[in-house]
């Protein structure tokens, strides 16, 4: 096997979610609708935060960054799948496959890191309100986001460099709608033990550390809120964090289901469904979840929509 040249497979076939023509047409409309909703919803969040001076706070700064990442995340996978349907092709080059995998992993990491930073921001706001402006300065927030981009790129570069030398000998059909690491490892005729170990160890460290930070933040928040004598005050604090918790649970449950199980136990159908949740559904739902119970954000969104309507 070691002597097999990886160039024997120069491109892959992305089989998508269904091979039935009628289902493919329905899926095309479904994913196009979700993609447009994702871009529009997250773009409205970014515009609202940038236009309304009342939202120029660390919490909304991180939220606008999360919206930007979600737009990029969705752009990495969905347009290629839609283009393949229109052009009636399923091929993607080896380099294109690695590039797509790189950006998918990078935006997953950024989502992961930003959710942790947002949890810390909630922790400081609820548990140390008098020191909030001193701790969460604009300079610190900008440095945090810049640092997250650097760490995410370095982490993804490691996985990509480990994937690049693998050999792919005969089968080039990926039972997925984008180039994900798990189906690629299954296709490889090289020894993928090191890749699996790195994904489960280093990958787990990158995912679990922020998750533990989120848990610790919310444990402190819960203890602090329970000491508040006013029921209205408790509800206000919990409602502020509730939307973030909903996004956290949806994101981490699907990530763990897909990546942190032994390769032999993976089911292509289950993996694909879980992947659809965190690559397509979650980025679409985030703007709705965050704005649903947030009157400040809803007010800013109404202003933006009103400006657009009157300008037309």
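Backbone N, Cα and C atoms are what each Cβ position is placed from, and that goes for glycine too.
Feature annotations, courtesy of Swiss-Prot:
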type	residues	note
TOPO_DOM	1-25	topological domain 'Extracellular'
CARBOHYD	5	N-linked glycosylation site
TRANSMEM	26-49	transmembrane segment
TOPO_DOM	50-57	topological domain 'Cytoplasmic'
TRANSMEM	58-79	transmembrane segment
TOPO_DOM	80-100	topological domain 'Extracellular'
DISULFID	97-189	disulfide bond
TRANSMEM	101-120	transmembrane segment
TOPO_DOM	121-139	topological domain 'Cytoplasmic'
TRANSMEM	140-158	transmembrane segment
TOPO_DOM	159-196	topological domain 'Extracellular'
TRANSMEM	197-219	transmembrane segment
TOPO_DOM	220-236	topological domain 'Cytoplasmic'
TRANSMEM	237-259	transmembrane segment
TOPO_DOM	260-272	topological domain 'Extracellular'
TRANSMEM	273-292	transmembrane segment
TOPO_DOM	293-312	topological domain 'Cytoplasmic'
Key: Residue with minimal Cβ packing [other Cβ atoms within 10 Å] among the disulfide-bonded residues 97, 189   = 189
Request  = Output the single range from 197-219, 237-259, 273-292 maximising the number of Cβ pairs under 8 Å to the transmembrane segment (140-158).
outcome  = 197-219
Ask   = Which whole number is the mean pLDDT over the topological domain 'Cytoplasmic' (121-139)?
value = 91
Query = For the topological domain 'Extracellular' (80-100), what are the same-chain contacts with Cβ under 8 Å, counting residues 6+ beyond its ends?
reply = 6, 9-16, 24, 28, 31-32, 35, 160, 163-164, 168, 177-179, 184
Inquiry  = How about long-range neighbours of the topological domain 'Cytoplasmic' (220-236): same chain, 6 or more residues beyond its ends, C-beta under 8 Å?
reply    = 122-123, 126-127
Inquiry  = How about long-range neighbours of the transmembrane segment (58-79): same chain, 6 or more residues beyond its ends, C-beta under 8 Å?
reply    = 31, 34-35, 38-39, 42-43, 45-46, 49-50, 100, 103-104, 107-108, 110-111, 114-115, 117-118, 121-122, 125, 136, 138, 141, 145, 177-178, 279-280, 282-284, 286-287, 290, 297
